[in-house]
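As given in TrEMBL:
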- A:12-39: transmembrane segment (TRANSMEM)
- A:59-83: transmembrane segment (TRANSMEM)
- A:95-114: transmembrane segment (TRANSMEM)
- A:140-160: transmembrane segment (TRANSMEM)
- A:181-205: transmembrane segment (TRANSMEM)
- A:211-233: transmembrane segment (TRANSMEM)
- A:240-259: transmembrane segment (TRANSMEM)
- A:274-294: transmembrane segment (TRANSMEM)
Amino acid sequence: MLLFVEQVLNGLQLGVMLFLMASGLTLVFGIMGLINLAHGSLYMIGAYVAATVTLHTDSFLLGLAAALPAAALTGAIIERVVMARLYAREHLDQVLATFGLILFFNDLMVILWGRQPLFMNVPDALAGTVEVLPGAPYPVFRLVIIAVGLLVALGLWYLITRTRLGMRIRAGASDRETAGALGIDIALLYTGVFALGAMLAGLAGAMAGPILAVEAGMGESILILTFVVVVIGGIGSVRGALIGALLVGVVDTLGRAFLPDLLALVLDRATADGAGTSLSTMSVYILMAAVLVWRPKGLFPGHG
Amino acid sequence: MAERAPLSPRVRLGLHLLGLLALALLPPLLTLIDEPFYVTLATRVLILALAAVSLDLILGYGGMVSFGHAAFVGVGGYVTGILAHHAFMGDPLMLFGLAVPGMNEALIVWPLAMAVSAVAALLIGVLSLRTGGIHFIMITLAFAQMLYYLLVSLQAYGGDDGLTLWGRNTVAGTDLLADRETFYYVCLGLLAVVVLAFRRLVDSRFGLVLQGARQNERRMRALGVPVTRYRLAAFTLAGAVAGLAGVLSVNQAEFVSPTLLHWTHSGELLVVVILGGMGTLVGPVLGAFVLMGLEEVLAGVTEHWRVILGPVLVLVVLYARAGLHGWVIGPRRHADADGEGAS
């Protein structure tokens with residue numbers, strides 16, 4: 001039972017990380033109709049900048065404060081230089097161009113930081129554990145990640161549905177020409193939304209730093225999981241991104257933790273271990289396939 | 001849209017035959033200038049071209065942007081590798097209570113590998129083709145990644161490290177393929193046959209339906225054509241041919257690992273098709289030569305050659321979308337300005 005609670009929390013933590021990635025990706029798609037593979041690169045940049053600044057200043061907060069603008073700025077530059085020319089193109093062109101960007105950024109990181117992964121420590125203030133249930137200690141840092149992710153979700157909901165900026169974003173998403181004719185600077189709005197998505201990816205990367213190794217190519221594995229999230233949630237929907245991300249995070253984590261044991265109830269141990277490991281790596285994709293059969297457009301299709 | 005008139009079919013055919021002749025003369029030429037190593041490189045290019053041509057069928061003619069095509073290459077490769085592994089170990093492969101003996105015989109293994117790849121493509125296609133456009137891109141990528149992780153988790157077959165083969169497949173019991181040049185010609189022959197067969201196919205009723213559905217799906221549906229079924233058939237066929245490319249690749253390297261179906265390889269296949277010219281079948285062969293050549297040259301310049309290749313790709317997408325084929329041979333026949341893809 002304690003192990004179960006712990007694994008559910010781990011799943012939620014992975015889920016909010018995925019949400020930070022997926023919300024940016026889905027906003028950019030919903031509003032600009034753009035598929036951006038280089039979203040994982042922004043995550044990587046966030047992680048590298050946070051790790052480097054933290055290692056030099058011994059302050060995770062400073063690292064975070066550097067990582068967010070760095071990712072947002074990189075995002076804005078990418079948008080202005082490359083993406084702005086791709087809005088009118090087909091998705092295939094967007095995929096290829098952003099694939100080129102991934103190759104560029106991965107090797108750029110190797111040139112700047114070398115092939116050795118960077119390791120950063122959990123900040124001292126958050127290094128301890130706290131008992132979530134009697135006898136079930138859980139790292140504070142991971143709880144903080146979950147809290148930050150949920151706060152971001154709340155903030156995004158407020159931004160999009162309750163503010164004037166959010167109204168402009170929604171207007172730009174539903175009818176670009178009319179919104180432009182009504183005096184909204186569409187080009188600026190697009191750059192802003194892209195930079196916002198980039199900043200969220202950078203935030204996810206910076207928070208992943210103390211948990212994972214910071215290395216070139218770290219953005220890709222989470223990027224593909226993010227795609228699964230977006231497909232499950234429905235492309236363009238922030239609400240769908242949240243539900244999808246938590247679902248994927250929990251299913252993936254629980255699958256890895258418990259599937260081999262569950263299968264051992266019906267199979268012999270060795271077979272169960274083998275099949276369980278294989279099945280658990282596939283669990284989120286099977287979930288995606290199931291959602292696709294049930295609802296081809298995702299759980300929450302359209303904008304929202 | 002055409003800046004200049006396309007070449008006449010006869011000149012076009014002549015150029016294609018000339019290209020084939022050049023490829024046929026390549027090994028003796030390389031031996032003549034004392035660079036036989038490049039035969040191996042050229043063989044790898046032909047295998048990449050074969051996989052890219054199969055992608056071109058669904059991408060260029062069917063408008064299906066599959067970002068998971070390397071998965072089928074990998075499935076074909078793993079069928080070869082696993083059967084060879086069991087042949088070497090001498091224990092049969094137990095599959096759902098069925099004992100399949102290990103094998104090294106190309107005449108059995110190769111069609112079998114293509115069939116398994118086709119089944120994989122059929123299953124993935126049934127699910128992926130329920131959607132279109134951007135969903136299709138992400139879903140094909142995700143399923144390919146699923147197969148990748150599945151193979152990584154197979155500890156019995158080396159997991160992450162893959163399997164090393166003890167020699168290439170035999171043909172009717174002989175080790176014909178062990179010879180570098182013979183293997184090159186086998187790859188060239190298969191590539192030529194596939195390009196020719198696909199050419200016939202895209203001009204047939206089947207191919208016209210496929211292209212019609214790319215240009216205007218609603219119109220095709222209104223005509224009463226079961227569009228999805230046609231697309232699925234093309235997707236499955238492309239998967240089988242990609243599986244053959246995997247078989248050749250594993251025979252060439254005498255090694256198979258999950259890297260074969262890593263998602264960057266799916267991206268690379270897309271790049272080859274676009275670079276060469278989408279919807280031309282011959283273009284991807286050109287694209288394979290240019291991409292591999294570019295990689296060789298850049299790798300000679302700097303260890304971090306991707307830092308150059310990446311921006312080159314962006315520039316190609318932004319400014320040179322007709323591809324090499326459009327450049328050299330002229331725009332494709334059934335030219336249309338914007339195939340928005342399966343949407």
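Every residue gets a Cβ built from N, Cα and C, even glycine.
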Leading stretch by Cβ pairs under 8 Å, where the reference is the transmembrane segment (A:240-259) and the options are A:12-39, A:59-83, A:140-160, A:181-205, A:274-294: A:12-39
Of A:140-160, A:181-205, A:211-233, whichever stretch has the most CB pairs under 8 A to the transmembrane segment (A:59-83): A:181-205
Outside the transmembrane segment (A:181-205), six or more residues from its ends: residues with CB under 8 Å to it: 17, 20-21, 23-25, 27-28, 31-32, 36, 39-40, 42-50, 64, 67-76, 78-80, 83-84, 87, 148, 152, 168-169, 171-172, 218-219, 222
Contact between the transmembrane segment (A:12-39) and the transmembrane segment (A:140-160) (at least 3 Cβ pairs under 8 Å, separation 6+): yes
